[in-house]
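Here TrEMBL flags 51-76, 88-104, 124-149, 170-192, 198-218, 251-274, 286-305 as transmembrane segment. Residues or ranges marked as domain 'G-protein coupled receptors family 1 profile' in TrEMBL: 68-303.
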Amino acid sequence: MPSSSLFVSHHFSDKPFMLNSFVNPLIYCWRQKETRKHVPTPLISPPEVNYIISISINSIVCPFTVLLNVLVILVIKKRTRLRTNSNILLACLAVTDALTGLFGQPLYVLWRIFLLFGLSNSEILENVCVCVMTTLSSASYLHLMLVTFERLVAIKYAMRYSNVVTNNNLKIAVLAIWIISFVCGTLCVLKMYLALNYIGSLISISCIVLVGFAYVTLYHETRRHRMKIKTQQLPQEEVERSTKENKALKTTVFVVSAVIVSLLPAGFCLIGSATDLFDTCPIDESIWQTCSVLNSFVNPLIYCWRQNEMRKLVFRKVK
């Protein structure tokens, strides 16, 4: 008769081979639409519960989103040492995040309250909320592209940086971003959804391609710089500059990562619908919409975490 330890070991060694018992019904439901329709979904919360959750989260988060982003903007504006090009662009992104907390989230909460209580004006509020969030989302994605481009030029094309990234060029780029964003918002107001879909798709694809290409390039470039510092006796000034640029790069990496994480639920639903994995996404619309704007709250926390001086000044003002 085997000992108890051998029995436990043998018992758990069979577990991987039993996982197919869990996976098989998922495959059946995925491949057979009729089967999927008749499978009950007790784990999906009723819409009212999801509305209450999204209303609660947005109501709690939105004042902190406004406060933290406004403090970041003020600190960067008043502190000369923090007024680097990368921080100026992060402050521009903070403007978008602050507006999301000031207008986008309150409108969303109001819309969900109207839906929850079945009030007649919910459709009007929905249209206003969608158009505002379309404008702010476009601005956020375009600012992310600009922040990434600035880091790419700073590290990959350091010799041309002062000629390419100037105050005048930054102002023109930010102005162009807001013009494009307001065009998207106007198309939404005019219900020109076909044109809006084309522009929105172009912005999304451009953002994914540029950010992906830029960070692959920056990864190889920073790795080359580190090897160069280890193998060659570089001037201390160049070593310090490289360290400073890499630190700023890591901050933007965390910001982009926060955006990606916040969009994962929406991406899961989109991919699932496109591949016919499910008819109705198991993640309620109000939940993934709430997740997609939470990066506006997380971003200023990342800035403060990554920059010691900014953290001290921001939390000093809070006190």
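Numbering starts at 1 and runs along the chain as displayed.
Glycine is no exception: its Cβ is also placed from the backbone N, Cα and C atoms.
A TrEMBL annotation is a machine prediction, not a hand-curated record.
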Beyond the flanks of the transmembrane segment (124-149) by at least 6 residues, Cβ under 8 Å: 86, 89-90, 92-93, 96-97, 99-100, 103-104, 107-108, 110-111, 114, 173-174, 177-178, 180-182, 184-185, 188-189, 196, 200, 203-204, 206-207, 210-211, 214-215, 252, 255-256, 259, 293, 296
Sequence-remote partners of the transmembrane segment (251-274) [C-beta within less than 8 Å, at least six residues beyond its ends]: 86, 90, 93, 140, 144, 147-148, 151, 211, 215, 281, 283, 287-289, 291-295, 298-299, 302-303, 305-307
Distant-in-sequence neighbours of the transmembrane segment (170-192), which means Cβ under 8 A and at least six residues beyond its ends: 85, 88-89, 92, 127, 130-132, 134-136, 138-139, 142-143, 146, 199-200, 203
Beyond the flanks of the transmembrane segment (88-104) by 6 or more, those residues with Cβ under 8 Å of it: 61-66, 69-70, 72-73, 76-77, 129, 132-133, 136, 139-140, 143-144, 146-147, 150, 170, 174, 251-252, 255, 293, 295-297, 299-300, 303
Local confidence of the prediction over the domain 'G-protein coupled receptors family 1 profile' (68-303), expressed as mean pLDDT: 89
